[in-house]
Every structure is written in structure tokens, then in C-alpha cells.
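Notes follow the structure.
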């Protein structure tokens, strides 16, 4: 089975029944090692969701790690907008922290199980070689996932590290953004509203609405295109050029500044237009159509595949940091389309650009239990009042109307 590697979720799950949009699935009834836990689990993403059953099974690694390891795995029984027409994958491998695991953080994640049983270092690294980039030499578009370490052949130059602010998603601190070398001049807390994360399972670079608007205006202002449809920026329209033209020269470079491990310094990762103006469709013999690889978000800045495809990214959980180095597979027409530069001083930004109040899920669960306890006390009082002799009770008339309107709170994932 082909598995999507997702650093923005924490469950390992595969298709467990036939589905019109998947070519293969795992049949647990034919496995001698699979054990069902009988626990239903539902996971929601920014797009799509699935419901399945938790179980355990045994895995072996094709190279490097010898032996068998027991891991938690969910078999997906129902899904909505998760498996899509034409996708080449049949499941998802969540590599974020246990705090995001469903139905609770007590479900040990795939990577935590591997670290515990195989005694490997608590670090993994990911090189994403995007489908939008041409294959160079004998390489493939797949990239590499290295469990337990760093592979020197997958990057060039130095690795720059930024601290992990919270261990749930891989939450980092972004200090500023530049378009074409020009600072957007936004309050740095805007970039981290309400979090900034590194997420391989998100296709685009997603920006908080205020930041997205500023980036679009800056790109439109500095690009060499006079008139541009608003539908291109919002993702509802493609832009097409003659196949002999290369539109990337019309657009500026985009830079993201991250706080260094030394908090008084920062470094910047930059992507050239080849990464965010993405070729996705050929029309006839002459036209190549492109999409805008950046979108708006209501609840996070997400460094997704649009940016990650330019870098070798190290998730150093042992030292609570994320590292970036230039990836040699991020090249178009023989030239690299990503850059890392530093160090820079942080004297011009706030000492902390991340909100001190972080309402992630463990806190929400505590608040939920507290509210449930309060409701229980109120219910107890009501029962006592009902048991009081009738002479103390209020007799309702036809004019007494009780309205009980409740609303659902929609959780936003990722």
C-alpha cells in the first residue's frame, strides 16, 4: 500500500474495506498478526475525514531496522473526501506528537512505538521531491523518509534549526515574511495566529487571512503582470501560458524568517516562484496551466508541501527542534529553486511572536471535563429541587415558555 506521510496528524491508518477511489486495501481478516482493539476512531483533517477501528499489527522495515515491531493501526471503514479520485495512496502515516492521536493521546503513535521498541534516536527527516518538479537524473519524485537520523546525501550546505514551541503539531515561531526582498511589515504575532506549523500533509503554503491578503498584494505589486484575475489568487482559476514560455520570471521570491536556536538570531528559508506557481494542467498542444500554491487559512500558518519540497526537513524531537537544509532535488532547468540564508538579528522583532495562551486539545479536554462536572452539580441541585414537597414547587402556566437552543461547536483541524 502507498502511504501518505503526514507530519500534521498522529494516527497510522489504512483503507480496511474496498473503496471506489483506492486500488488496494488491507483486509485484516486475512492477517494472522492483526488484533482488533474494537475501539472506534474518527479523524478529521482540513479536508476530509475518516472513521475506522483501532487495532495492532506487526511491521518489519525493509532496511536499516531489523526485527519485528508491534504498532497501532486503524483500518478505515468509512471516509468522506479523504480518498479522492485519481489518488495513488491507500492510507496515512501520522508522524506528529501523541497529543494529536485519536481517540486520545493514550494511543501510542507509530514513531513513538518504533523509538521505544527499536531503540532508534528520536529523530526523523523528510525530503519531499514534488510532483510539480521534473525528475532529474535517475531519481524519483517520491523523495525520502529517514527514520532515526539524518542522511547527508539528501541535502547541501548547512542545516539551520528553529525550536519547536509546542509538542503537538510541529509548531514553530515565524518572525517575518518578505516578498521580493520587501518586508510585509506586519506584527509578527499575525504570522503565528493562532499557530505556525510544519505539515507535510498539507499541499499548499497556507497563511492566516491577513497575512495572505498582504502577500497577494505584494506579489501582484512586484510581479511583471499588469492585470491578473482574482480567481487565480483564491484558487478558483488557473493561469495559462504558451508552453514555450516560463512564467516564473514574472514573479518574486518569497522568504520566511524563523527564529534560530539562539533566540537573538534568525534565518530565512526562501522559495522561488517555481515552487509556488505550480504547473498542473496541459491544454492541447500549446498551453500549460498553473495554480497558485498559496492559500488562506482561518486558524494557522501552515508550511506545507509548497515550501517543504524545496528543503530537507529534520524533525529532531530529542532536542525539540526542526531543521531546514537545501534539497538538491528542488531544481528546475539545472538551477536550485530554494535558498537558506542567515544569521540575521532579531532586534527588530518582538522577543516572543507566539501567543502565550495555547488552546490545543489537552487543554480543551480539561475544560470539557470541568464543564461536565459543573453540569453534573447543577443537575444534582435540580433533582433535589424536584424532590422538594409540592407546596414549594412553582406551578407553570401556559405563559411559561422554556426555550433550549444549543449549537454545535465546529472543531477546525490542522
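Backbone N, Cα and C define each Cβ position, glycine as well.
Quantities reported herein were computed from a predicted structural model and do not represent experimental measurements.
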* **Feature transmembrane segment in TrEMBL, mapped to one of the ranges 363-388, 389-414** => 363-388
* Given the recorded positions 6, 240, 289, 329, which one's Cα is the least distant from that of residue 188 (disulfide bond)? -> 6
* Asked: Looking at the disulfide-bonded residues 188, 289, which sits with the largest number of other Cβ atoms within 10 Å of its Cβ?
  -> 188
* To do: Going by Cα-Cα distance, pick out whichever of the recorded positions 6, 129, 240, 289, 353 is nearest to residue 199 (active site).
  => 6
* Integer Cα-Cα distance in angstrom, residue 129 (disulfide bond) to residue 6 (active site) -> 15
* Counting Cβ neighbours within 10 Å across all chains shown, tell me which of the disulfide-bonded residues 240, 329 comes out on top. => 329
